[in-house]
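Colleague: TrEMBL lists these features:
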type: DOMAIN; residues: 11-476; note: domain 'Major facilitator superfamily (MFS) profile'
type: TRANSMEM; residues: 7-33; note: transmembrane segment
type: TRANSMEM; residues: 48-69; note: transmembrane segment
type: TRANSMEM; residues: 76-94; note: transmembrane segment
type: TRANSMEM; residues: 100-122; note: transmembrane segment
type: TRANSMEM; residues: 134-157; note: transmembrane segment
type: TRANSMEM; residues: 172-192; note: transmembrane segment
type: TRANSMEM; residues: 264-287; note: transmembrane segment
type: TRANSMEM; residues: 335-357; note: transmembrane segment
type: TRANSMEM; residues: 364-384; note: transmembrane segment
type: TRANSMEM; residues: 390-410; note: transmembrane segment
type: TRANSMEM; residues: 422-445; note: transmembrane segment
type: TRANSMEM; residues: 451-471; note: transmembrane segment
Amino acid sequence: MIGFGYFHYYILFICGSLYVSVAFSVTSISFIIPSAQCDFRMTSFHKGLLNGAMMIGMLIGSFIWGYVADSRGRRFTLIICMLMDGLFNILSSVSQMYSIFIFCRLLSGFGISGSTTLFSYLVEFLNIKYREKFLSWMEMFWTSGIILVPCVAWLIIPQTFRIENEYILFKSWNLFVIMCSLPSITLALLLMKMPESPKFLLSQGKHKETINCLKFVHRWNSNSDDKFPVTSIIMPSSNDKSNNSFFDGLYKSTIDLFTSKFKIIAIVTCIIHFCATTSYYMLILWFPELMNRLRWYETYSNFQNKTTMCEIVSMYKAEPEVNNLKCDDHIDQSVYMNIMIIGIACIPTSLVVPLFINKLGLRFFTVVSFFGSSISAAWLYFITSSMENMVLSSIFEAFSSIGISLTYCITVELFPTEYRGMAASIGTMFGKIGALLGNILIGIFIDAHCIVPIFVSSSFLIISAFLVITLPKTGRTNIITDGVL
């Protein structure tokens, strides 16, 4: 009755832009680490810990924001989360100590973890005809973020300006951090003009607010002041309005989810999130570092030819000692270009999935994505040049990123409104546990035993693919279980 039109495309743009800002916040650390390693005197372990700090924040925040989204609202949660991410990123940009910088990144991760609510927010304005297609378009926005981050980094980080006094040292990478924080703050302000999810309002028994929300959408779509034909909703509220404290409510929501008829689906989706996100973050955040090391190897012809990537990257640790070189925080120009190419390589899959999603379904594309990324991850062991690394990295990013995005889509499709936010957030929490472990794992093993993270990454993706096959089909399930409208 509210129609389909301008509003739905605008909310796709808003939610998609939120996903772009998430890409900025999460992947910008790949360029911050090599450019700030001398200022903070970071070893490989410190780099892994810095990557992991944001994951710790996301791990803690994911669990909490799911309950906030299901109790206070999707829009409210997104506004608070994006403001937190933006503000703490700005604070981290002027920090002069490694410990303060890592603390700010942790709090930034805590904020950005609630961004998964955008999937619930988007889907609850859509009917079943457009739901899967709109959700699958989100990967195109993520891909745009992956392409834009190295573009911004390439413009800013190579600049050689230096602002220094007795209190502060401000260089190009500090400015880069500030620029990456601006999308989050801007989108938080835009969200303040948007309505709350009508399904959330209805689940809370707020019938008058639901009507006002639907009138707002109808007015946008019809581009007129015609009266919305529905004047009232008569429906019992399914929401428990008991006055629980925050932590009691958080505990109750978790127990309700895992004791409901959706408990098996919840467990399986949590395992999928854990395995897939572990694999993705274990490799993707380290690709600039790996490219730097491979490029370094290619410039030293006096070294014996190596047969695997692990032999090459293990040499990098000893290089400064052998050659008595100073710390080098320069990022080779080819690294920016290579990361851009990796992002561009994701465009075909990002376009194909939305075009054929209604015919083949979410499960089919998710399974294919995980199998494809597993093969490319395993083949990384055999590469010996930066060009081979770029090709396989592109394939890995193209398949694994869309697999993770589709996992979020499956999650919000399989659960009804009252469980959707919590289910998506707990799945994200398990994903961040895996991402944290993966970053620590590769930070420990990259110099001496890099085959370990490669094997773990490939194996976990295969496990994810088989688990997706066990899930019920999306679409019709949601119509039956939602009990809304």
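The backbone N, Cα and C atoms fix where each Cβ goes, and this holds for glycine too.
A quick note: this is a predicted structure, and the numbers were derived from the prediction, not measured.
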Colleague: Which one, 100-122, 134-157, 172-192, 264-287, 390-410, has the most C-beta pairs under 8 Å toward the transmembrane segment (422-445)?
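Modeller: Stretch with the highest Cβ contact count: 264-287.
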Colleague: Go through the chain and flag residues at least 6 beyond the ends of the transmembrane segment (7-33) whose CB is under 8 A from any CB in it; none is fine as an answer.
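Modeller: Residues 42, 47, 50-51, 54, 78, 82, 85, 89, 105, 108, 112, 115, 118-119, 121-122, 125-126, 130, 134, 137-138, 140-142, 144-146, 148-150, 152-153, 157, 173, 176-177, 180-181, 183-184, 187, 190-191, 194, 216-217, 220-221, 284-289, 331, 339.
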Colleague: Looking at the transmembrane segment (48-69) and the transmembrane segment (390-410), are there 3+ C-beta pairs under 8 A, with each pair at least 6 apart in sequence?
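Modeller: Between the transmembrane segment (390-410) and the transmembrane segment (48-69), which are separate recorded stretches, there is no contact, as judged by 3 or more close Cβ pairs.
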Colleague: Hey, which of 100-122, 172-192, 264-287, 335-357, 451-471 has the most Cβ-Cβ pairs under 8 Å against the transmembrane segment (134-157)?
Modeller: 335-357
Colleague: Per-residue pLDDT averaged over the domain 'Major facilitator superfamily (MFS) profile' (11-476) comes to what?
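Modeller: Mean per-residue confidence for the domain 'Major facilitator superfamily (MFS) profile' (11-476): 82 out of 100.
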Colleague: Do any residues of this chain, six or more beyond the ends of the transmembrane segment (390-410), have a C-beta under 8 angstroms from a C-beta of it, and if so which?
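Modeller: Contacts of the transmembrane segment (390-410) (Cβ under 8 Å, skipping residues fewer than 6 from its ends): 116, 119, 132, 135-136, 138-139, 142-143, 146, 269, 272-273, 276-277, 279-280, 283-284, 287, 290-291, 338, 341-343, 345-346, 348-350, 353, 362-363, 365-366, 368-370, 372-373, 376-377, 379-380, 383, 424, 427, 431, 461, 464, 468, 471, 474.
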Colleague: Among the recorded stretches 76-94, 264-287, 335-357, 364-384, which has the greatest number of Cβ pairs closer than 8 Å to the transmembrane segment (451-471)?
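Modeller: Of the candidates 76-94, 264-287, 335-357, 364-384, 264-287 scores highest.
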Colleague: Count, for each of 76-94, 100-122, 172-192, 335-357, 364-384, the Cβ pairs lying under 8 Å from the transmembrane segment (264-287), and report the range with the highest count.
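Modeller: Result: 364-384.
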